[in-house]
Structure formats: C-alpha cells, structure tokens
Amino acid sequence: MAAGLGVKAAPFTYVAHALAVAAAVMVLVWCISFRGGLAFEADNKNLIFNVHPVLMLIGYIILGSEAIMIYKIFPKLNHDTTKLIHLILHAIAIVLGAVGIYCAFKFHNESGIANLYSLHSWLGIGTISLYGIQWIFGFVAFFYPGAAPHVRRGALPWHVLFGLFVYVLTLATAELGLLEKLTFLQSSGLDKYGAEAFLVNFTGLVVALFGAAVVVAAVAPAHVEEPEGYAPIPVN
C-alpha cells in the first residue's frame with residue numbers, strides 16, 4: 001500500500017527516529033524522576049520494577065525497530081552486512097527484553113505479587129517467544145546454514161509479514177503495560193490529571209505513532225533500488 005501511494009521509506013525512518021528519542025526520554029523521565037530511579041537490587045522494590053519499562057521500550061522495542069528499518073536506513077549498504085546488523089540488533093533486543101521480563105518477575109516475587117495473571121503478562125511472554133522463534137527461523141533460513149535460494153525467496157514475504165505481526169503485537173503489549181501500571185498507580189492515589197499521569201499517557205501516544213512510522217518505513221520502498229533478496233511486501 002505504501003509503495004502504491006508513492007510513499008518512500010526514508011521520511012518515515014526520520015520520523016521514527018525522532019519519536020524513538022522522544023519515547024526514550026519520556027520513559028526515563030518517568031522511571032527516574034517520577035518513580036525514583038532504577039536498580040537490580042534495592043530495598044525499595046519499585047526501583048527493580050522500573051528497569052522493566054525502560055528495557056522493554058528502549059532495549060526491546062526501539063532496538064527491534066532499528067533492526068526492522070535497517071534495510072531502509074542504509075539502502076546502499078552491502079546486503080550481507082545489512083543482514084548481519086539486522087540479525088545482531090534483533091538478538092540484542094531479545095536479550096534486553098528477556099532481562100526486562102526477568103526484572104518484572106523479580107519485582108513480583110520479592111514483593112509477594114502473583115505472576116502471569118494479566119493479559120499484559122500473557123501477551124508479553126507470548127510475543128517474546130514468537131520473537132525468538134522468528135529470530136531462529138531467520139538465522140537458519142537466511143544466515144546460517146541458509147536455505148536454498150528458491151526457498152529463501154518463497155519464505156521472505158512470510159518472514160517479513162510474521163515479523164511485522166509480532167512487532168505490532170509487541171507494541172500492543174507495551175501499551176497494555178503502560179495502561180496497567182498507570183491504573184495501579186491511580187488506584188493507589190496518583191492524581192488522574194497530574195503530571196505523571198499525563199506523561200505516561202503521552203508516552204503511550206508517542207509509542208503508537210513511533211510504531212506506525214516503523215511499519216510504514218518497513219513496507220515502503222527505499223529511495224533507491226532494493227538490494228537483491230529484499231523488497232517491500234507486494235500489495236496487489
């Protein structure tokens with residue numbers, strides 16, 4: 001669709017990067033200035049939880065988004081080099097996401113809170129599992145040992161489509177997480193119209209816009225001819 005409308009990827013990568021910086025700053029301001037800081041070990045267990053949204057947004061979503069857009073950010077770069085960067089960024093995103101999830105479990109366990117009772121937690125485990133499966137498939141099919149060329153050509157559109165599905169599911173999970181945490185805080189007395197509440201809500205809006213820009217950048221053509229073996233999803 002983006003290609004059919006004559007939309008190029010480059011402007012959306014610029015918008016995505018600006019929104020990524022904004023989202024990263026907002027989540028850091030929230031967790032450090034409003035929530036007291038970050039820690040892996042602390043008497044104040046909330047500091048352990050604060051690591052969770054920071055790593056999930058900056059480490060998991062933003063780095064994963066960079067991996068998705070890398071073919072459009074550097075369209076003239078050697079395809080094998082771009083593919084390696086794509087693979088490494090996704091791997092780092094998965095690791096940081098796993099650490100972020102660990103911090104949520106650690107906070108719950110040390111605070112006497114049950115685990116895996118909410119839709120956010122179910123989707124969180126589901127999405128990072130799908131993300132890992134997607135990464136393994138991509139590694140085996142497109143990197144090492146690598147499938148036959150005709151198999152790669154047939155698998156690529158599905159790899160891209162499934163990757164974007166997992167990405168959108170990840171964004172939805174993040175939005176649910178922000179909503180869930182803000183609801184808990186407001187039920188504990190946080191001002192519904194206070195600065196912190198507005199910051200969290202605006203963070204959610206920025207993340208949504210960021211995700212939209214990334215998806216458009218992923219499906220739109222680059223401003224130069226696509227490298228061999230990679231093209232935007234065809235839309236008939």
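Every residue gets a Cβ built from N, Cα and C, even glycine.
Considering the side of the membrane named for each residue in Swiss-Prot, N78 and G177 do not coincide. The binding-site residues listed here are H52, H86, H159; among them, H52 has the most other Cβ atoms within 10 Å of its own Cβ.
Sequence-distant neighbours of the topological domain 'Extracellular' (33-53) (same chain, 6+ residues past either end, Cβ-Cβ under 8 Å): 27, 99-101, 103-104, 106-107, 110-111, 177-178, 181, 195-196, 199. Helix first, then strand, then coil: DSSP counts for the topological domain 'Extracellular' (175-196) stand at 15 helix, 0 strand, 7 coil. When Cβ atoms from all protein chains are considered, those within 10 Å of H120 (heme b 1 binding site) total 20, not counting its own.
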